[in-house]
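Peer 1: First the structure, which I've put down as structure tokens, then a few questions once you've had a look.
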Amino acid sequence: MKSYRFVTGAVVGVLTSATMMMAAQAAEYPAKSIELIVPYAAGGGTDLVARAYADAVNRHLPQSVGVVNKTGGGGAVGLSEIMAARPDGYKIGMGTVEITTLPNLGVARFTVADFTPIARLNAEPSAITVNASAPWKTIEEFLAYAKENPGKARIGNSGTGAIWHLAAEALASKTGLKFNHVPYDGANPAVTALLGNHIEAVSVSPAEVSSHVAAGTLRILAVMDDQRSKAFPDAPTLKEKGIDVTVATWRGIVVPKKTPENVVNTLRAASKKAVEEQGFRDQLNKMNLSYAYLDGPDYKVAMEKDAEMFKALMKQIGLAK
Amino acid sequence: MYELDMLLHGAQALFNQPMALLLALFGVTLGIIIGALPGLTATMGVAILLPFTFGMDPLSGLLMISGVFFGGIYGGSVTAILLKIPGTPAAAATAIDGFELTKKGQAGIALGTATFSSFLGGTASVFVLIFLAPVLARFALEFSASESFALAVFGLSIIASISGVSVIKGLIAGFLGLLLATVGLDPMAGFPRYTGGYTELFNVPFIPVMIGLFAAAEAFKSLEDPQVRAGMAAALDRIIPPWHVFRRQLGNIARSSGLGIVIGIIPGAGADIAAFVAYNEAKRFSKTPENYGKGELGAVAACESGANGCTGGALLTMLTLGIPGDAVTAVMLGALTLQGLQPGPLLFKDHADLVFTLFAGMLVCYVMMLVVGLGSLRFMGRILQMPKSVLTPTILALCIVGTYAINNSMFDIWIMLAAGVAGYFMQKWDFPASPVVLALIMGPMAEANFRRALSLSNGSYDFLYTRPITAALLTVAILTLMLPLLRRLWSSRSGGPTVNGPTVASSAAEGSK
Amino acid sequence: MSHAPAPGGKSGLRPQDRLATLIIAVLVMAVAVAAIVAAGDFPPTMLETDVGPARFPIIFAVALLVLCAILIVNTLRAPAAPPDDPAQAGPRASYGTVAIGIVATAACLYAMEFVGYAVATPVYLFGLMWLMGRRNVIANAVIAAVLTALIYAAFAYALSVPLPVGSLFE
């Protein structure tokens, strides 16, 4: 039976190459190409950051970094895969703010503690944006309207439990106001509804409304950041207005928690060099994404702070399971 | 006329850039291949090419991506017609009658008609994009949740007309699909329904189910009679449909393209919905509606011109408003932003030269699609001459790999296999597969938008009849659902179904031999 | 499981088709009932104006129950077909082959999780070709290998979709 011979040959061949690969692994890291798991679809914000990063970091690592999209479950599928990956540094991932929100929703098995942060790359604050034809010129006017009409002000978000929903909820809980939160299938459809005047406001990031603000069809009333946005310096922060709410989405590189020290350090060093390249920053700028680099340890602190904040908030509004 | 002037300028500029044209050709060809393979959709093709456009000039990058978009929508029809493998969801509608035509030995003419219809639908939509963009863009903003809900209900009413032999079995298949579509995260509250704890099930695995129901089920069926050859070896003797046959489809194509353009403009509705709606309307206006589902050339023409009509419509809202109408244009929006071009009202003002050169390039892309399409059909037709004992294993392997490619997930392949087994039994006892696919497309759209509309109106059901577009669409939906039932009831009262004559297309094709 | 395909016309039902249709209808009804029961555990909505996650699945499931009931009644009332005409029956389809094919596909998927695409696929292709009556071992092996390589090249290189490596080799 020649077919058996053929099959045996194939099996032997694959086995030999696999053994060789394992032998190589024991040597210096990285000895083979690295997979960068992106928990969201190709072409979206997280994917664009990942691809720009892969492009830049490739020049500082002896092996190439390839982007693989693992979508589903609002990020839960991809993040679970990163968590469960063999901690050898050959499967790294884009860790997003959902690491801190999904566990509270009861749809994920991971928590912040399951990841070792390598570098934060980008962060986008939430912003309250209204239609340019709306009567509210300032955030105070809008909040006054919401106070007079409890439950009438409809704020579009990118899905229940998603970051922009939580941002609007955080604003509601700090100000004691009552909004009508309308979930959409992502930020873009919410912006579309705002353009058509079907809702009063959206809580998505300035980047996601920037073209409409530039065209004069939408107006940013306030951003939920510590400082004003560079692109829209006229929009005040909520902090300036005496409302202490800062909510942002962030994206960065994470690895499973048991990854060896030397691998983590190699990746941190390479990431630092990559983000210092002008090309990487230009790439982010072009895509309206803000550069927000934090090294591993600082990133970890920021992650843990958010995890605590969202846990308390989601429990308070009844989202946490 | 300003637009015409600019377009001519654009065409001139375009032909001074041979590199951009070459990349467009590459994009179209790659798009057709990606569209033809199961699992790989135009969305994915565009996403794959996106990083390569980083280093290109805007025109080349955008034309290449447009080429993949156009080619991807069309490519799905080729394997749908030849093998009943819809490469894209839109082609699931094409497969209904297209594969019946192949079984009748008319694969060539079906493919030719599909190619010409795609070309005409797509070209018409690009012209609308060029000349009517500002007027039509506003229409997109009229569409809120209640309108999208009504559109989805209208889409679902089509189940009655694609049910085939038995309406009741079609409706069962449809409602089973609707129930299946509720698996995953609930669209308003984010609660996981029927997932059994699998995060992979948080989104309905729509494309794996479609590949299983159509392609794998058909492959399993062909295992029944392994000895039989495909038996259609000589089927591709004529690809370009004879003029007297095609002429009769022109009205149909015009209507379907129009529908496609309008549906493309509507946010959240894409080529898949357009193809099914075009099928339904073609049947409604046909003189021989009883031939639909049994191999009617008009059905193929309608689905393809409808699906490709969407491209211009979806691009229209993306370019003028910065609102992506579907998943492909959402990725394209990213591509434009990457190039430093901010889609939206200012794009036409600030970058008019580039925009109109791009429009000229899009028209060229469609011409390329026509040429590449027609040129490759003979080659693709060879597939039918492969012995079944090689073809069937190849199809199954492609189903497996194609399904894996969507999410890089083994889980999806198991879903595909389960759907394949279910599909095998369904077709054995005349439960049609296309209502399931339609329900999977429309079901989530209907539920999410109904509940969103309710939330927008603060809990009042008024939106069902106070909003004109919603009320009109719902009325049409009820008529669509009731008419075939009433007609059937009527004909069963007055003595059995009418005897089916030969189709117009088949008699014409026989005459031309 | 040896049912011949149902005849397209409505002239009548053969006993085995009647039985099969009834089985399918009952299975679908079971699914619908299970869906309704499971929906009972869905939490109420936290948005005031929402109908909650259970409403739509229950509507769809109830519609399925009604439709299946109609189908069962129709099937029971349909006239029986005349006994099989031996001249019309033609060659019997081999359902065993279909069953083996489905099992082989499942086996291939199972194997792929461990040994990866590059090993599972050629064996699977070879097996199916053998199953479908191609007995030329060398030609089959070559075709299987070439097809595997072609698909691999198309997906892994041209489309940059990595194919499963298998947990043994990871």
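Numbering starts at 1 and runs along the chain as it is shown here.
Glycine is treated like the rest: Cβ placed from N, Cα and C.
This is the feature table in TrEMBL:
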DOMAIN    B:21-438  domain 'DUF112'
TRANSMEM  B:20-50  transmembrane segment
TRANSMEM  B:62-83  transmembrane segment
TRANSMEM  B:109-137  transmembrane segment
TRANSMEM  B:149-181  transmembrane segment
TRANSMEM  B:201-220  transmembrane segment
TRANSMEM  B:257-279  transmembrane segment
TRANSMEM  B:354-377  transmembrane segment
TRANSMEM  B:389-406  transmembrane segment
TRANSMEM  B:464-486  transmembrane segment
Peer 1: Could you name the stretch, out of B:62-83, B:201-220, B:257-279, with the greatest number of CB pairs under 8 A to the transmembrane segment (B:389-406)?
Peer 2: B:201-220
Peer 1: Would you mind giving the whole-number mean pLDDT across the domain 'DUF112' (B:21-438)?
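Peer 2: Here the mean pLDDT over the domain 'DUF112' (B:21-438) amounts to 87.
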Peer 1: Using Cβ atoms and a strict cutoff of less than 8 Å, what residues sit near the transmembrane segment (B:109-137) while being 6 or more residues removed from its termini?
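Peer 2: Counting only partners 6 or more residues beyond its ends, the transmembrane segment (B:109-137) has Cβ contacts under 8 Å with 3, 7, 70, 73-74, 77-78, 81-82, 94, 98, 101-102, 236, 238-241, 245-246, 249, 253-254, 256-258, 260-261, 264-265, 297, 300-302, 304-313, 315-317, 319-321, 348, 356, 359, 362-363, 366-367, 369-370, 373-374, 377, 380-381, 505, 509.
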Peer 1: Is it true that the transmembrane segment (B:464-486) and the transmembrane segment (B:62-83) have 3 or more CB pairs under 8 Å, sequence gap of 6 or more?
Peer 2: no
Peer 1: Could you pull out which residues elsewhere in the chain have a CB under 8 Å from any CB of the transmembrane segment (B:149-181), counting only those six or more residues past its ends?
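Peer 2: Contacts of the transmembrane segment (B:149-181) (Cβ under 8 Å, skipping residues fewer than 6 from its ends): 93, 96, 204, 209, 263, 266, 269, 273, 276-277, 279-280, 283-284, 292-293, 426, 429-447, 449-450, 453, 469-474, 476-478, 480-481, 484-485, 488.
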